[in-house]
Amino acid sequence: MKPQMANHVPNLVDYIMTEKLDSTLRVDKAIEYALGHIEKFIVKDFEEFCGIGVIVTPEQIENAVEKLINENKEEIVTKRYRYNTGLLMQKVRNILPWADGKLIKNEIDVQFVTLLGPKTELDLAPPPKQDKKNKAKSDVVETKTNKPVKNELKVTEETKTALTILDVMKKLNFHKPGENFKSDEYVITENTHKLLQEHLKVKTRFPPEPNGILHIGHAKAININFGYAKAHGGTCYLRYDDTNPEKEEEKFFVAIKDMVNWLGYQPDKITHSSDYFDQLYEWAVTLIKAGLAYVCHQTADEMKGFNPEPSPWRDRPIAENLQLFEDMKNGKIDEGAATLRMKITLEEGKLDPVAYRVKFFPHYRTGDKWCIYPTYDYTHCLCDSLENITHSLCTKEFQSRRSSYYWLCNALNIYCPVQWEYGRLNVNYTVVSKRKIAKLIDCGIVKDWDDPRLYTLTALRRRGFPAEAINNFCAQLGVTGAQSAVDPSMLEALVRDHLNHSAPRQMVVLEPLKITLENFPSNKAIQLEIPKFPDNPESGIRNATLDKVIFIERTDFMEEGIKGFRRLTKSQPVGLKYAGLVLSVTKIVKDNKGVITEVVCKCVDVKEASEKPKAFIHWVSNPIEVRVNLFSPLFNHKNPEDPNEVPGGYLSDCNLDSHKILNGLADISLKGTKIYDKFQFERIGFFSVDPETTNDLVVVNQTVGLREDAGK
């Protein structure tokens with residue numbers, strides 16, 4: 001039972017004591033009715049809702065079971081006692097909602113024996129074991145604590161076609177619009193039901209602070225807020241929580257909207273917390289007049305900690321508070337000399353959270369109009385109320401603010417949304433703190449917020465991660481209260497799978513070695529037609545040039561082969577992919593330092609080769625230059641912010657060799673590609689065209705590698 005229905009408890013107890021509520025089902029329905037009718041409890045409706053006085057006879061149960069068994073007779077006879085009788089019980093319950101569950105079960109057992117006879121040895125034998133290989137493992141393990149838990153997601157065929165974010169959102173057990181009062185800790189006032197009647201359609205919001213670039217954790221928040229609204233036919237706003245003008249920049253406003261759109265979502269409306277500064281100020285005055293807020297002169301250090309001593313100014317006169325707050329607004333009080341605090345104790349023991357503080361800093365949108373700015377604790381719930389949000393969805397760390405959220409809305413006698421919390425997403429081998437990323441940039445460890453080694457959304461886009469794969473990643477994580485810590489390989493696996501079906505193949509050589517075909521079968525270059533997707537030739541072709549001089553990977557040649565090496569050596573031929581040729585070495589050219597600069601080969605048609613080559617390698621001919629950015633993890637340890645794991649701090653854990661630049665050669669068909677175009681470089685990995693690409697030079701970023709060993 002919930003506190004909201006406390007006034008109805010005596011009635012429910014009477015019904016139980018008089019055995020009118022004589023089953024668990026009826027008691028559950030009684031609680032449901034009581035929660036839905038806090039103010040208006042109508043006895044006749046209540047008894048009808050709970051089935052009080054309704055009697056279900058054994059004959060009715062017998063007839064209902066017999067009818068359903070006949071309807072499913074063929075399947076029952078086939079499966080015998082392995083048939084799921086729970087389905088039958090549920091169907092009987094749908095027909096006879098007030099029937100006794102034990103009587104239904106007994107009747108089903110009797111009629112099964114009548115139809116099938118006694119159980120045989122085969123019926124009693126254990127069922128065959130399920131093939132574990134085809135069973136998708138859960139990616140998030142829920143725990144009773146908020147400690148990070150290891151993810152063990154395996155990308156199987158089931159995962160690839162698993163639930164979408166809309167499927168996940170449809171299954172969430174959040175309250176229905178208009179039924180806010182059924183939620184835990186929700187406070188009911190005399191105006192609650194009247195206010196809720198105006199909020200019967202799902203409305204959510206994504207409220208980032210415009211003081212940095214969104215990261216992978218925000219992708220989860222975007223998917224949950226926009227996805228929940230879309231799954232339930234509602235709307236979702238993008239609201240910039242712009243209450244800290246010192247750290248806000250125009251580029252962050254632009255980048256946030258860009259990332260929301262990139263993930264495939266369009267806000268129904270874009271708003272700013274600053275849109276409501278006038279109303280927020282008026283409500284602060286209302287709180288002061290009601291004796292629920294006061295001006296305090298304690299410093300931030302004095303207010304820190306749990307269960308601190310009450311402020312000596314907590315009970316100052318209302319008139320004095322009003323004057324001081326106006327002085328704060330008019331710039332007559334220095335920064336740090338005064339704050340406006342609300343009279344409430346949070347769950348975590350924090351006393352009287354700050355509502356307003358003085359900041360002499362012009363606002364990006366309002367200019368010099370204000371020198372006092374509201375805090376998150378004050379602004380968040382009030383903006384939700386002003387925008388008629390039904391579901392205020394946030395991460396678990398804000399659970400301790402839920403009581404102040406409800407208290408503040410009800411103190412002002414305004415509509416109160418419901419706050420729901422979900423587990424925050426953490427990714428290993430990275431940091432996502434805006435302050436720490438800014439430090440990495442300042443120290444020159446990374447170039448900017450979109451450096452592909454970071455896990456900001458702009459960085460992931462630049463690295464080549466498709467938005468669809470990120471959304472799929474969020475869907476597979478699901479929505480639970482448990483905090484999760486996932487390895488980057490989980491996301492990379494979903495990215496790889498998506499690109500494997502969407503990124504056309506291309507031949508690029510990262511470390512070129514010149515090969516001259518001394519008996520090239522043509523006096524001019526040959527144009528080849530190569531499928532963009534070898535497994536699906538109908539998806540299109542691309543043209544590639546084959547000439548007398550080609551270039552292969554330097555690692556695809558060894559002068560003297562070793563055990564297991566299947567590519568080109570002095571004594572071992574190799575095939576050229578798509579060319580239909582087999583190469584054999586006739587001469588090796590070296591410079592004065594002994595470095596191989598060229599290999600001369602003879603070529604034969606693969607159909608005429610004396611022996612089938614052990615491997616086919618990629619190549620380029622008449623190529624263009626391409627700059628290739630290769631990346632490895634930015635941090636050496638799984639938890640670079642953990643002082644136990646990295647005593648020297650996250651900056652000391654950086655892998656300074658995490659970015660490698662190669663000057664490679666690519667087929668000329670790569671010229672003219674667009675920024676963010678994605679390709680699979682055969683036998684190497686997946687790559688994306690970088691924004692630094694010019695008309696003269698193509699620049700690509702490594703997205704993820706291939707599953708297979710490229711050396712085969």
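Cβ from N, Cα, C; glycine included.
The feature compositional bias 'Basic and acidic residues' is assigned by TrEMBL to 129-145. The domain 'Glutaminyl-tRNA synthetase class Ib non-specific RNA-binding' feature in TrEMBL is assigned to 2-101, 104-197. The domain 'Glutamyl/glutaminyl-tRNA synthetase class Ib catalytic' annotation in TrEMBL covers 201-500. Residues annotated as domain 'Glutamyl/glutaminyl-tRNA synthetase class Ib anti-codon binding' in TrEMBL: 503-603. What TrEMBL lists as domain 'tRNA synthetases class I (E and Q) anti-codon binding' is 616-690. The feature region 'Disordered' is assigned by TrEMBL to 123-145.
Counting Cβ pairs under 8 Å to the domain 'tRNA synthetases class I (E and Q) anti-codon binding' (616-690), the top-ranked stretch among 2-101, 201-500, 503-603 is 503-603.
DSSP states for the domain 'Glutamyl/glutaminyl-tRNA synthetase class Ib anti-codon binding' (503-603), grouped as helix (H, G, I), strand (E, B) and coil, give 6 helix, 50 strand, 45 coil. Residue counts for the domain 'tRNA synthetases class I (E and Q) anti-codon binding' (616-690) by DSSP state, with H, G and I taken as helix and E and B as strand, are 7 helix, 31 strand, 37 coil.
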